[in-house]
Amino acid sequence: MERIAIACIVSCLAMMYLPFAWIFLTAFWGVFFTVASLLALWLIRKKNQWGGVIISIIFSCCWCLFLIQQLITQAQYVQTLPKKQRAQIMIEKVLHQRDYQTAIALLKFSDEDENYRFYLSWQAPQPLAAGQSWLGEVTLKPLASRANFGGFQRQKWLYANHIVGYAVVKNAVFVADHPDLRERLLRHNLDLWQQQPQSELFLALGFGDKRFLSQETLQLFQQTGTAHLIAISGLHIGLVMLLGVALARSVQYFLPAHRITPFLPLLFGGMCALLYSYLADFSIPTVRAIIALIFLLWLRFFRSYLNWWQCYVRCIAIFVLLDPLILLSDSFWLSALAVLCLLIWNHLFPLSVCSVRGKKLHQFGKITYYILALIHLQIGLFLLFTPITIFFFSGFNFFNLWINLWIVPIFSFVLIPLILFSILTFDYFHSWALCQFIAQQCVEGLKIFKTGWHPVSELENLWISLIFLGLCLLWGMFCIRYAKYQRTKTDEHHWLPTSTLFRLEVSALVERTDFQTILKIIGMILGIMLWQLGFYYYQQYRTLWTLEMLDVGQGMSILIRQNGKGVLYDTAASWRGGSMAELEIIPYLQRQGIELEAIIISHDDNDHSGGAEMLLRYFPNATLITSSEKTYAGKTPEPCYQGVQWRWRDLDWQVIAPYKVEKTAKNHQSCVMLINDGKHNVLLTGDLDKTAELQYLEHFPTIDILQVAHHGSRTSTSTTFLQKTAPKIALISAGIGNQWHFPHQDIISRLRQFQVDTLVTATVGQIRLRFTKQGNIEVETARTLLQPWFKQLL
């Protein structure tokens, strides 16, 4: 059965990462499934167990293909609709409701049409709530997102949530409100808590509603390694079930012996968990937890036995078959891997084999044993889950172990039960005041440890993972060798002398574990990572310097990097409460381990200078260079005007425009830079217009790389300019579906006329140009045709 479960999981995973072009190869899949079916029937006839495995693979692949094709077909249909639509809007879930509103909603464009799930940007003044119906004018946008190397894949998140389009609502008319019991309870508590400190935390823990969580709060929990506490998931559901079981067991103390049964507490605990899931609106993580709980209760009620690996694999297979798109969700992988880490830790290093002065730990009392069990689990999570945390969040907190040792018990056994008690009693006993005090103290405590957050680059992550796996390999080899050594002795030997305070029975550990298989898997992963590390250093060795145009939407930011240092040309846009510097630029610099030594701002328009303040706060020692007198983050800029030259690393920089520094630099006063490495010329033009191009025409040399001015607008990149510079590659930074329709088709046609290879971030995502020591230019893009279907533009 485990083979069938693993086959289903692997098949669905493979289908989720197919290139877009493969999804609709009907003839190919027809032949493939026909041949596979015939093979399965032949194996079944021969009574071979692999026949069932092949049948499960066929079923899983067909099911995944059906769901993916259905989702893509809906998304493609939505893109064929007129941009402006009148739609019936049914709010499913409010995602954010502070300075702006976003929601997931069902849209219906006509009475005959079906409902489509949309990500909604609500710009109308009315507040949203789940269960509301509206009639409004919506602006449809393509289902696409920015694509940067290693960045957050928003398009993947949308598909994982079965969303087929974006829509912006600027005005709408309220039609009806149909709140269910959960929504009514939420609104009642919202009125009760909204003006109280930490109310956002109460709503997140009580109802799974994170619409009011500020960016600062989310960042605090993420950077202290406690983000799992504010997302209702298996931990919370299991806790509530445990409380329900304990409550039912306490009631049974007052019953006659013949009335006491172990099934009623389990059933009551399951009902409590189901109620909590209902309060959390049956969010995807809670549904996963409930399914796993039902599976385990079913095993218990029918007295079936499965070991930990069998239970785990079958649960994952059930999740995947119910919704294969769950494999695109990071939260699923975090939950699944966290549970796997705990299971492996308990299997390899169970607390039951530990002893102190010859006494087993459970002999020291229940309370002591439970405290030690909590510490034991947290140590296991810290050791095994930290590399996974680094992979997903590009960083870790040095104090993570100590933080979880005190905050997990407080949240689990004090705060969450109190919040649920307050909700179910409508705060009749004023328990919210105690909740508020406890939550405030927890948040203040977390702020102390926030300084322990350490961003980790991709290279550091690779090294950490290699060291971790290497230590695991050495430990496994030691256990096997020592177990063999023990078996050769007639007397009992232990890993540590009996006089020590702690003793671990290595032989018992090795006997119940297939260490050989585990070590082979670790060795294989280690080999793959060593190959990755070798390839990385090979690329570094052969690369002289790199130019990267980041995908920052309708703005621009270009990174020039060499030997771990960088110069940033333009900083993209900002808006109230955020900026592209926070969303894309700084995270990318952290992932790459790059320190900025200079920030050049071409001109003062927001889409080029919006992130300067944030970047200068993050890199206070970076030199600021602009063509205006405007200061950013209190830093006086170095002037950018014609004639200024300098050498940075192995590159010569020359300013071609403007003639003088202005108080405020506009498009035609952009700081135009020429970069030369001895073989290639790169021209960065900012938003220079045609008039300025002609004005500085005599100063432009023949170039290899051109940053097309003003995002490909008709106001720039004249024929005369292209004749003079004769670029080989043109880079255009533009947002997907931007309102100005940049780049204009006239500019694209003009570049093609001059046989210039043109790359647009809206189409290919981030662009990376490697200038090698051999004098070649290698082009990489974040979005390619061979990448999985969920990364492609429709």
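Backbone N, Cα and C atoms are what each Cβ position is placed from, and that goes for glycine too.
Nobody curates TrEMBL annotations by hand; they come from automatic prediction.
Here TrEMBL flags 554-736 as domain 'Metallo-beta-lactamase'. The transmembrane segment annotation in TrEMBL covers 20-43, 50-72, 227-248, 260-279, 285-302, 309-327, 368-393, 399-421, 461-480, 518-538.
Only residues 6 or more beyond the boundaries of the transmembrane segment (309-327), in the same chain, are considered here, and those with a CB under 8 A from a CB of the stretch are 1-2, 4-6, 8-9, 12-13, 15-16, 60, 63-64, 67-68, 71, 159-160, 162, 284, 288, 291-292, 295-296, 299, 336, 339-340, 343. At the 8 Å Cβ cutoff, the transmembrane segment (227-248) and the transmembrane segment (461-480) share fewer than 3 close pairs (sequence separation 6 or more) and do not count as touching. Pairs of Cβ atoms less than 8 Å apart link the transmembrane segment (368-393) most often to 461-480, out of 260-279, 285-302, 461-480. Summarising model confidence by region, the domain 'Metallo-beta-lactamase' (554-736) averages a pLDDT of 95.
Outside the transmembrane segment (461-480), and at least 6 residues removed from its termini, the chain residues within Cβ reach (under 8 Å) are 387, 390-391, 394, 506, 509-510, 515-516, 518-519, 522-523, 525-526, 529-530, 532-533, 536.
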